[in-house]
Structures are given as C-alpha cells and as structure tokens.
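Undergrad: Can you keep this structure in mind? I'll have questions shortly.
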Amino acid sequence: MSLVLKKSIDDATVRDKKVLIRVDFNVPVKNGKITNDFRIRSALPTIQKVLKEGGSCILMSHLGRPKGARMSDPSPEKGVRGYEEAATLRPVAARISELLGQKVEFAPDCLDAASYASKLKNADVLLLENVRFYAEEGSKKEEERDAMAKVLASYGDVYVSDAFGTAHRDSATMTGIPKVLGAGYAGYLMEKEINYFSRVLNNPPRPLVAIVGGAKVSDKIQLLDNMLGRINYLVIGGAMAYTFQKAQGRKIGISMCEEDKLDLAKSLLKKAQERNVQVFLPVDHVCNKEFKAADSPLVTESVDVPDGYMALDIGPRTIHMYEEVIGRCKSAIWNGPMGVFEMPCYSKGTFAVAKAMGTGTQKNGLMSIIGGGDSASAAELSGEAKNMSHVSTGGGASLELLEGKTLPGVAILTDRE
C-alpha cells in the first residue's frame, strides 16, 4: 500500500472563511481538570494559521467513549442530548482559551450550534461539545453518519483534519463532512503523520529496521506480514518474542507463549529468510518467578529461560545487539515495548531501544518513527521522545497503516496533484 500525499492547510483559502477543524482533544480529565494538555498544544499551529490568515475556527473533537444519544431523541427539559459529565469538553474550552490568549466560545450541543457559528467573526474560535454525545458520529450505517455530517458541515466553508489518532475510523466528523463539502485538507499534525509514514512505507532511507514488541504475536501478524516486504532487519522483543523462541525449539520456562501461533511464527521466520530480512531475537533475558517487580531479577546467561521463570525484559547482551543493529540503520520504525517497562526493574530494554533511536537520530541522521501507543509512552518516559524524528499521535491508526490498510480519515482528504 502506498500512502498518497494530501493537500494541506497551506493549500486552502481561509480568509473570511469559517474553517471546521477536526482536532483530537481526547485528553485525560480528572475532577474537571486536564492532567495532560499535549494534544491541545499539538493542535495550536493549525488553529493559529487560520486565525493569522483571517479566518475563524470551529473546533470539533471527541473525548472518551460516551454512550451517545440519537439525533431523533427528544431534547431533555434541562441540558442537552447525550450529555455525560465525565466526557464534556468544557474544561478544554477553558484551556485552549488560555493557550491562545483569547476567548473561545463553547457550544453545549454540537448539533444545535448554528446560532453560535453564524455570529463568528474573523479570528474568532468556537469549540463544539463532544461529537460522540451523538451515536451517529461513529454509527456503522453510512446514512446515519451522513445525516450528522450535513448538520456540522452547514456551520462552515472549509474542512481541515488534524486528528490522525481517529483516522482509522469512518465517522461523521472524519469522513462525512469532507464528503459533504467536496474537499478536505490536512492540518499540520496530520500532514506530518502522513509525510513520515509515506516515507517509511514508500521510500525509506536504507537500511530500514522494524523494532516490534508487545505481548502477542496475534496483535502484530498483519504488521509483520506487510513490513517483511519493506524492511532489511527485524528486531523482536516483548512477550511475543517467546512464541518465536519456542517455535525455534528454545526453552522459555513459564514465559507467555501463544501455543496456537507457533506454526505462524515459524512461517513468518521462513518468509523473512526468503526475503533476505535478518531477524534478531533475544539472546538473554531478565526473569522472575512471578509477574511482579523484583529487587534483583534473574539475568540468564544463555538464550534459554530456566524452568519456573518467566522472561519480563531483554537482557544486557540482547540490548547491546539491538543497539548495534539500530546503529547501522538509516531508518527505524518502532511499535511495541521490549519488556514490562511500567516496572522499573524491567524497563532497561525498552529504554535502551529508545536511547539508541534518539541518539542515532541526533548524531547520525537516523529517521526514527515511533508508532504511537505503548511505544510513544515509553519514548516519553525515557526522555527520548524529543530526540526522535516523529512520535505518532495515533496508536491504532499507525498500526493499521503499518499493516498496509487504508485509513478512511486520510483517504477522504484531497490528494496533492
């Protein structure tokens, strides 16, 4: 699958226009307070571009997974349809107002906001309430998504998408609105995601290594299958490594293993060999008898895990080997941790991979891409995120791209000629 470049907000005429921007403000909120505003700050360049060029912004986002009302439901006597206190975007309106240094209007019902939209003047900002307060946003029926999209599209003139994290979902705000308006532009965040993934999938600087970890082979089958035709090296870590180890006849103690995936692991290793992809698996391990932290976990001397022990991180010799592989590459894509990095005693492998990628990027011009989710969290925790070429904002979306799938929320945007 090739990823086609899309027209960006720089190609759109926004002066005197009302610009509908699908952002990703799905931020953690505790007791009405935002605990991490990274996603809000990430959307600022796109919003500021519209304001600077003399347009106004209508911001749309989801937050959490509220149940959602139907558009046909009667309006309650008090409040709005579908409202859930835990998922309101009202705290986000206050935070974005602080960050932009200007008042941000808030429409308490995203499907009853025409009066708010009509009052917008150039350089004004309006945030609509959580689009998932309506079930039609993520309905499996296209006609239901389209009905909601038509209402939202009527508020504005231009559609911009900056929500890569939900690009793998067909929804009223991701695919419905650009369909109604006949065009869609990528915001700066979305553009960066598309540009980096298109480079790594279509024309990466070589050699290219894929570092794949996490718990289950079954979660990464399609990714491995798709990437084997594109990469030069494959580095495997995390619990999934032990299904491969067992498939090769190694002793894995009581480490996690998907017994029903042993044949699949063998066939993936065979396919790698046929495609001249060199595969690296752990040669030593950090183990414990139970799945819990230990002051001094056992470090094995060999590739075999002793009976009664489970491997919970890669060992020092494996770390050295993986650092060396990353060091000889020009591009690296990382999806999934090397161990149970949430426990400090099993975080060395994951953090070492992050450091090798960060150092390679800063010193040797490595193109480093972190595929969202746990890997992005690990890169942040290790302090290396700032040193990477690109840390993806979408776990599910980046995984589907690496699996060779088309993302509906990207495909719908207008192609760059």
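Cβ from N, Cα, C; glycine included.
Since we're looking at a predicted model, the values are computed, not measured.
Pulled these features from Swiss-Prot for this protein:
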type	residues	note
BINDING	VAL23, ASP24, PHE25, ASN26, ARG39, SER61, HIS62, GLY64, ARG65, ARG132, HIS168, ARG169, LYS216	(2R)-3-phosphoglycerate binding site
BINDING	GLY214, ALA215, LYS220, GLY238, ALA311, ASN335, PHE341, GLU342, ASP374, SER375	ADP binding site
BINDING	GLY214, ASP219, GLY238, GLY336, PHE341	CDP binding site
BINDING	ALA215, ASP219, ASP374	Mg(2+) binding site
BINDING	ALA215, LYS220, ALA239, ALA311, GLU342, ASP374, SER375	ATP binding site
BINDING	ALA215, LYS216, LYS220, ALA239, ALA311, GLU342	AMP binding site
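Surface or core, plus neighbours and distances: that's what I need for these features.
TA: Under the DSSP three-state reduction, LYS216 ((2R)-3-phosphoglycerate binding site) is assigned to coil, being neither helix nor strand.
In the three-state DSSP scheme, SER375 (ATP binding site) falls into the helix class.
Here ASP219 (CDP binding site) comes close to MET240: these same-chain residues lie at least six apart in sequence, with C-beta atoms under 8 angstroms from its C-beta.
Less than 8 angstroms from the CB of GLU342 (ATP binding site) sits no same-chain residue that is six or more residues away.
LYS216 ((2R)-3-phosphoglycerate binding site): 15 other CB atoms within 10 A of its CB, across all protein chains.
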Undergrad: Sorry to bug you, but what's the C-alpha spacing from ARG65 ((2R)-3-phosphoglycerate binding site) to GLY214 (ADP binding site), rounded to the closest Å?
TA: 25
Undergrad: Inside 10 Å of the Cβ of SER375 (ATP binding site), count up the other Cβ atoms and send me the figure.
TA: 30
Undergrad: Which whole-number value in Å describes the distance between the Cα atoms of ARG39 ((2R)-3-phosphoglycerate binding site) and ASP374 (ADP binding site)?
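TA: So the Cα of ASP374 (ADP binding site) lies 16 Å away from that of ARG39 ((2R)-3-phosphoglycerate binding site).
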Undergrad: Starting from the Cα of ALA311 (ADP binding site), work out which of the binding-site residues (HIS168, GLY238, ALA239) are within 10 Å.
TA: GLY238, ALA239
Undergrad: Check each residue in the chain of GLY336 (CDP binding site) that is at least six apart in sequence and keep those whose C-beta is under 8 Å from its C-beta; list them in sequence order.
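TA: Spatial neighbours, sequence-distant, of GLY336 (CDP binding site): ILE211, VAL212, GLY213, GLY214, LYS220, GLY237, GLY238, MET240, GLY373, ASP374, SER375.
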Undergrad: To which of the binding-site residues HIS62, ARG65, LYS220 does the lowest count of other Cβ atoms within 10 Å belong?
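TA: Among the binding-site residues HIS62, ARG65, LYS220, the sparsest Cβ neighbourhood within 10 Å belongs to ARG65.
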Undergrad: Please state whether DSSP places ARG39 ((2R)-3-phosphoglycerate binding site) in a helix, a strand or coil.
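TA: Helix, per DSSP.
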